[in-house]
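> Here it is, the structure, as structure tokens.
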Amino acid sequence: AGEALQRIISTLANKNDEIQNFIDTLHHTLKGVQENSSNILSELDEEFDSLYSILDEVKESMINCIKQEQARKSQELQSQISQCNNALENSEELLEFATRSLDIKEPEEFSKYVCVYHRVTMASAFRLSLKPKVSDNMTHLMVDFSQERQMLQTLKFLPVPKAPEIDPVECLVADNSVTVAWRMPEEDNKIDHFILEHRKTNFDGLPRVKDERCWEIIDNIKGTEYTLSGLKFDSKYMNFRVRACNKAVAGEYSDPVTLETKALNFNLDNSSSHLNLKVEDTCVEWDPTGGKGQESKIKGKENKGRSGTPSPKRTSVGSRPPAVRGSRDRFTGESYTVLGDTAIESGQHYWEVKAQKDCKSYSVGVAYKTLGKFDQLGKTNTSWCIHVNNWLQNTFAAKHNNKVKALDVTVPEKIGVFCDFDGGQLSFYDANSKQLLYSFKTKFTQPVLPGFMVWCGGLSLSTGMQVPSAVRTLQKSENGMTGSASSLNNVVTQ
């Protein structure tokens, strides 16, 4: 009864959390409605003001056209009136002169008026056009805005694309990439592009309003699928939503989809690392001056001719600095070791390690939490690793329980580490080509921690990575290159 009550209490608490998140979402949406309505009203005022401005400009232009036409016709008619008045005045004078010439009886006197005929014949009234150059018709400047009025009466809000639908079945999460696929609920040939938004979260289910990261935007997607690659999966999930856009406006968001992006994330544990290692999150570098203030006096012969950089094999036990208490004893002596801060207790995990070009010696592997503070990786039955040595002689080997297996392969630029805790397998790969370097077969009886040793150089880690598809495929077909922990027992001890 107590267990049943505890379950129902836990279920109710989770439901209350969902309800609270929904209330937060509603408040956020309500605030968005108010803000967006205010913005839309402002934009509507601006659009109508723009229309009014255009109408005023067109009206002013048309008025000017009418006035210019009125002035042109008036000028033409005034000019004709003036010409006619002048011609009429001249004709009246000529008529009076010609009439008087008809009353002359004396031949000699009449001969003086012989030019009268010629003057009458050439009178300007005969050359004058009595047709108006322009008419009083102004109908060519009349307007009929009935169609425009009908068009204005049909003004309405923009057609908004419907919300797309993300298909979780078609979405793919693999190789630290996410492919998101969606479709439109109905065909819309006016869609110009899509906008995809995404963000990381540690909450399953509907996206939360509070305590979440901002949405990241990918614009101008022409298709109905998009792949985000090269991601670091440092959160359990990712939220995705998409909206369609036509040439004018963006539509509603799709219902958000949450995809799982879980991967192993860890930093290096600075609290237990060797004092000669400078540790910062996912980087470790050899520092021969580290912890000088806490070290015991070192005999001069131990450092003779070595410029303060003792080799991993020849460092005196007497030079070990005192342990600093953290989550465990700090590594000391010749164990230039640093562990990851996150234990692996189940599942399959993958991370990558890159060494500095001039690094003289380093190891990469895993170890139980019980690894002693003086223990080196691969020299006990509680740790497994591959070791690269570029000091005095170049060697590349797998190590476990103080047994060594030389590897006849080229040391890669970056090493990929695959740990299948439940399957009892630890494999190392060329991170670029995914070529298998070596595999340990064992049975892990305790949680393991990523482990690293470095001397005279540095290492950088890449975490938050999924197990690559190529590695999963290789795991299924792994063959004679596979070694085992037990096989190292027959190898000569180093």
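Backbone N, Cα and C define each Cβ position, glycine as well.
Annotations per TrEMBL:
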- 67-101: coiled coil (COILED)
- 294-305: compositional bias 'Basic and acidic residues' (COMPBIAS)
- 306-318: compositional bias 'Polar residues' (COMPBIAS)
- 160-264: domain 'Fibronectin type-III' (DOMAIN)
- 264-470: domain 'B30.2/SPRY' (DOMAIN)
- 286-330: region 'Disordered' (REGION)
> Using Cβ atoms and a strict cutoff of less than 8 Å, what residues sit near the coiled coil (67-101) while being 6 or more residues removed from its termini?
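Distant contacts of the coiled coil (67-101): 110, 113, 116, 119-120, 123-125, 128, 130, 132-136, 138, 141.
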> Which whole number is the mean pLDDT over the domain 'B30.2/SPRY' (264-470)?
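Result for the domain 'B30.2/SPRY' (264-470): average pLDDT 84.
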> Using DSSP, how many residues in the domain 'Fibronectin type-III' (160-264) fall into helix, strand and coil?
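Per DSSP, the residues of the domain 'Fibronectin type-III' (160-264) fall into 3 helix, 49 strand, 53 coil.
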